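Take a look at the structure below.
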Amino acid sequence: MTMTLLFWILLISAIMSISTSSFFSLWICLEINMMVFIPMMNSKNMMASNSMLYYFISQSLASTIFIFSIMLNLTFPMMFPLNLLLLSSSILIKLGAAPFHIWFPEVMEGLKMEMVLILMTIQKIIPLYILSFMNNFIMILSAIFSAMIGGFGGWSQNSIRKILAFSSITHIAWLISLIISSNNWWYLYLSIYSLIVISLLFFFSKNKMSLINQISISTSPFLQILFILTILSLGGLPPFVGFFLKILSIKLILYSTPMLLLFLIPSSLLNLFFYIRLMYPFLMKMLSKNYIFLNLKKISIIGPLHLTLLLTLIPML
């Protein structure tokens, strides 16, 4: 009951934030969002406690810089470039974008899959909305760094949570690039990305997987196929919705800051490498056995996975 109440407060604070343009109101929503999420992270293990502490310190630092930059701007308006730099940096810290990303994978590692989902989706809404009011050089640098670190950071990881964290950093680079393009396309990008992530995390949570070597080939064949299709969509391969999302994003970014595509596209290709690592056990099993005939009567699937499959077909209709 308590978790449900906290979740609704979290969601309402995120929705309220996109209905205001006052930086003070946005700051209030940010703080409510942070203070509600921290008790939701609580769990009966040491890693969760460490994640809570790490999250609190990083978010408190970002909030301090945020309110300090606003006060500094009110007191010394002639220092606007510096104030904007501080303001942007504080939001990038909250977002977990590079080069302020250090806390993000570490916090993700200690969370339950449900909290990982919230951190990768709902917790991005307010920072991205605030960034949509800005357009400065540090955002371009952050998009470049996020693309590079997100692409290379997941290569040597065995933890599923850390792989998802670096994947998320890459998608943050795409979202920031769309914001720089002075376009509201990032709303749709985040929405579809969230649906894909829901499907993936449902699979990992249902099968209690935390490491790559725990990916079970005993999972039902239909779930395995859905998992592979979802991963391919997240990787942006045709004919899935992730591919059409990337193509339209590339088109928009090409008109404003084409230089960013030199980092975004290779980064997405690098991400495919560790996505394939996640699929590898299932792919090997499918190559070794006949998976054409599936006993669908014994299979139970939850809505998000159905929804992801339907979304993959929308651009083809």
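Glycine residues also receive a Cβ, built from the backbone N, Cα and C atoms like all the rest.
TrEMBL entries are annotated by machine, without manual review.
What TrEMBL lists as domain 'NADH:quinone oxidoreductase/Mrp antiporter transmembrane' is 22-265.
Annotated transmembrane segment per TrEMBL: 6-30 (among others), in sequence order.
The feature transmembrane segment is assigned by TrEMBL to 51-72 (among others).
Residues or ranges marked as transmembrane segment in TrEMBL: 84-103 (among others). Listed as Cβ neighbours of the transmembrane segment (84-103) (distance under 8 Å, sequence separation of 6 or more from its ends, same chain) are residues 30, 54-55, 57-59, 61-66, 68-70, 72-73, 124, 126-128, 130-131, 134, 136, 138-139, 142-143, 145-146, 148-150, 165, 168-169, 172-173, 176.
Residues annotated as transmembrane segment in TrEMBL: 115-131 (among others). For the transmembrane segment (115-131), the residues of the chain that approach it from at least six positions outside its boundaries are 7, 10-11, 13-14, 17-18, 23, 26, 29-30, 33, 37, 40-41, 88, 91-92, 94-95, 107-108, 139, 161, 164, 168, 172, 175-176, 179, 186, 190, 193-194, 197-198, 201, judged by C-beta separation under 8 angstroms.
Summarising the annotation, TrEMBL assigns transmembrane segment to 137-156 (among others).
Here TrEMBL flags 163-180 (among others) as transmembrane segment. The list of residues near the transmembrane segment (163-180) in space but at least 6 beyond its ends in sequence, with Cβ under 8 angstroms from a Cβ of it, reads 95-98, 101, 104-105, 108-109, 116, 120, 124, 128, 131-132, 135, 139-140, 142-144, 146-147, 149-151, 153-154, 157, 186, 189-190, 193, 197, 200-201, 212, 234, 246, 249, 252-253, 256-257, 260, 263-264, 267-268, 271, 274-275, 277-278.
Sequence-distant contacts of the transmembrane segment (186-204), counting only residues of its own chain at least 6 positions beyond either end whose CB sits under 8 Å from a CB of the stretch, comprise 113-114, 116-117, 120-121, 124-125, 128, 132, 160, 164, 171, 174-175, 178-179, 210, 223, 226-227, 230-231, 233-234, 241-242, 245, 249, 302, 304-305, 307-308, 311. The feature transmembrane segment is assigned by TrEMBL to 186-204 (among others).
As annotated by TrEMBL, transmembrane segment applies to 225-247 (among others).
Taken from TrEMBL, the feature transmembrane segment applies to 253-278 (among others). Below 8 angstroms of C-beta separation, residues 140, 143-144, 147-148, 150-152, 154-155, 157, 160, 163, 166-167, 170, 173-174, 177-178, 180-183, 212, 215, 231-232, 234-237, 246 of the same chain, each at least six residues beyond the ends of the transmembrane segment (253-278), sit close to that stretch.
Under the heading transmembrane segment, TrEMBL lists 299-316 (among others).
At the 8 Å Cβ threshold, with sequence separation of at least 6, the transmembrane segment (51-72) lacks contact with the transmembrane segment (137-156), having fewer than 3 such pairs.
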